[in-house]
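What Swiss-Prot annotates here:
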REGION    1-229  region 'Pyrophosphorylase'
BINDING   8-11, K22, Q72, 77-78, G139, E154, N169, N227, R332, K350, Y365, N376  UDP-N-acetyl-alpha-D-glucosamine binding site
BINDING   D102, N227  Mg(2+) binding site
REGION    230-250  region 'Linker'
REGION    251-459  region 'N-acetyltransferase'
ACT_SITE  H362  active site, proton acceptor
BINDING   A379, N385, Y386, S404, A422, R439  acetyl-CoA binding site
Amino acid sequence: MSNFAIILAAGKGTRMKSDLPKVLHKVAGISMLEHVFRSVGAIQPEKTVTVVGHKAELVEEVLAGQTEFVTQSEQLGTGHAVMMTEPILEGLSGHTLVIAGDTPLITGESLKNLIDFHINHKNVATILTAETDNPFGYGRIVRNDNAEVLRIVEQKDATDFEKQIKEINTGTYVFDNERLFEALKNINTNNAQGEYYITDVIGIFRETGEKVGAYTLKDFDESLGVNDRVALATAESVMRRRINHKHMVNGVSFVNPEATYIDIDVEIAPEVQIEANVTLKGQTKIGAETVLTNGTYVVDSTIGAGAVITNSMIEESSVADGVTVGPYAHIRPNSSLGAQVHIGNFVEVKGSSIGENTKAGHLTYIGNCEVGSNVNFGAGTITVNYDGKNKYKTVIGDNVFVGSNSTIIAPVELGDNSLVGAGSTITKDVPADAIAIGRGRQINKDEYATRLPHHPKNQ
């Protein structure tokens, strides 16, 4: 039989105090909805239907082409949300997972175990439950002496005895698809909230003598639903611990994993060393034996093997094997650094390609440049790429030596093996093998300093 999935993502999330739909708030680099969608993929659903509502167009954009969408125009409860999927799923034979889009910590393994449990026990409905020492606020799972599920009782309706139950409802379910939609026709809004509750179908199944079961999570953290910023921060913390643990198991060393922030899609090879306060975001990839020191921040970039990045920022760029960057360097988007390049302290590279073995040790700006191999930039070199309206390119060949405190005004080309004298302002192309000196001639005026106030004779 087929598996189907319904993801509930229509809520506004008032307690988040945000215009952004709740399910689009991010945990470890991707939205909560994407986390749930990826986990749902473990059951290989034939159809996945996402129920949208508040700012539906934003939610649909995130999963465009990956799921079908239905709209819940009025927020009339979880049962009502599932009813919205009827045109797509009613009458199909199979098992349907119903899950909230604000549960980013649920794993694909747990959802696979849930649906296998449901099938193996021939249940018409299976509730995903968890156990906690502090069940206050959760619906409790009431079982009979044979451990069969009798009902779900909410906190406000629970007796003193039922309040002692530690097994709680996580809000995730698997149903026989055909029976689900039959039962939904019989639920009503006769409750304090005036809403259709998906939990009411459990009572209907019990009344008709059908089998209802419960599968209990091994890890309570997976049950966390995010309703406010506090819970969002908790989810972030749990997810990052998982991510860091996975990398450590795979051979990555962390000085302080509690102070290291790695997004879920980051790839890290073995033998990488990561110091505290390192942030790796987006689609970043780190090669083997690379060292990332305290304070390094990398976004959507690829760093090769054996690199050393010291307290620097790298954005949307590629860094080859053996490169050293920093401290306090900034590699801005669309840059590429060849093998063994050295970018030192207080150097900024923007939109430039730099050939292997090139060095810019300190206090340099390289913007919109094509730089060859074995180039040396002296301290204080500036490539001037912007005239206030347009940006221009500088081309620097192989084996070029640029003296300290030089200004290279684009568009200009420095040929292979050329040399720029220190303190020069270069406005014209420099041929290969040439020396360019673009500064005023030094003039010494003997004894002139004796006329000035600073001179000891005038004190």
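Each residue, glycine too, has its Cβ placed from N, Cα and C.
Sequence-distant contacts (6 or more apart, same chain, Cβ under 8 Å) of S404 (acetyl-CoA binding site) comprise G378, A379, G380, T381, A422, G423. Using a 10 Å radius centred on the Cβ of G77 (UDP-N-acetyl-alpha-D-glucosamine binding site) and all shown protein chains, the other Cβ atoms total 21. Long-range Cβ contacts of the region 'Linker' (230-250) within its own chain (Cβ-Cβ under 8 Å, at least 6 residues beyond either end) map to 16, 25, 27-28, 32, 35, 104-105, 221, 224, 257-258, 260-264, 266, 268, 270.
Each residue contributes its Cα atom, and for Y386 (acetyl-CoA binding site) and G77 (UDP-N-acetyl-alpha-D-glucosamine binding site) those atoms are 57 Å apart. N385 (acetyl-CoA binding site): 22 other CB atoms within 10 A of its CB, across all protein chains. Binding residues for acetyl-CoA (A379, N385, Y386, S404, A422, R439) extend across at most 22 Å, taking the greatest CA-CA distance. N385 (acetyl-CoA binding site) carries neither a helix nor a strand DSSP state and counts as coil. The recorded positions near L8 (UDP-N-acetyl-alpha-D-glucosamine binding site), taking a 10 angstroms Cα-Cα threshold over the set D102, H362, N385, R439, are D102. Here the region 'Linker' (230-250) is broken down by DSSP into helix, strand and coil counts: 20 helix, 0 strand, 1 coil. Note on proximity: of the recorded positions A10, G77, N169, H362, Y365, the one nearest D102 (Mg(2+) binding site) is A10, by Cα distance. Sparsest Cβ environment among the binding-site residues L8, A379 (other Cβ atoms counted within 10 Å): A379. Non-local contacts of A10 (UDP-N-acetyl-alpha-D-glucosamine binding site) by the CB criterion (under 8 A, 6+ apart in sequence, same chain) comprise V51, V52, G53, H54, A56, T71, Q72, Q75, A81. Averaged over the region 'Pyrophosphorylase' (1-229), the predicted model has a pLDDT of 95.
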